[in-house]
Amino acid sequence: MRIRDRLGISKHRQAQLAHVLQLCLVGFVFVGLYEGQLGVVVNAAVGLGVSTLPAVLERDYGVPMDPALVLWVTLAVFLHALGTVGVPGTGSFYGNVWWWDHLTHTLSSSVVAAAGYAAVRAIDEHTDAVYFPPAFLFVLLFVITLAFGVFWEIVEFAISEVAALAGVTSVLTQYGVTDTMLDLLFDTAGALVVAVGGTTYLSGVVDTLAARLDARSEE
């Protein structure tokens, strides 16, 4: 049973919630511009762009996007952007709420793991030349997610160092080795979420990707 069935949330309501979060991201961009905070503007704008990808994939490539998937992606980028904005008088959640970074890393890594799961399963269904046993796929999800997590930590470090050299505020913050290790730990939690529930939410995406691969191979 899907989460929306347990909670009694319709597909229409999920789509509405995703749109509300997108409007909030637009608002964050203007907040950042008003307060002169480049980090807020960049993170909110990038998040808004990412939140539109499911609609682009569905419209231009025919990949079915369940409203739950759209809400999942949008919530991940919304919470990240909200973490840079915070609320008036408290500063950013990343700096003042100890668990916020863990929450956003878990959600963001689950989105990465979902993309990896869909791609690998589509290849598995498309050709008999490869076969991914369930146990191998389970491990592969963690490898993909951790690889992206390491790449992201390098990006954070590089951006922070460049910003420090330039004497400007970094749009991303690196808090040290301990923070990096914790980030990777919570990245694995996101991968675990997809490993357990990926089939329920991603089967339509997998089938469509496999069908497109089949069509290309027949051309």
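A Cβ is built for glycine as well, from the same backbone N, Cα and C atoms used for every other residue.
Here is what TrEMBL records for this protein:
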TRANSMEM  16-34  transmembrane segment
TRANSMEM  40-57  transmembrane segment
TRANSMEM  69-91  transmembrane segment
TRANSMEM  103-123  transmembrane segment
TRANSMEM  130-151  transmembrane segment
TRANSMEM  184-204  transmembrane segment
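Counting residues 6+ beyond its ends, the transmembrane segment (103-123) has Cβ neighbours under 8 Å at 69, 72-73, 75-77, 79-80, 83, 130, 132, 137, 140-141, 144-145, 148-149, 183, 186-191, 193-195, 198, 201-202, 205-206, 209-210, 213 in the same chain.
The stretch from 16-34, 40-57, 69-91 that makes the most Cβ contacts under 8 Å with the transmembrane segment (184-204) is 69-91.
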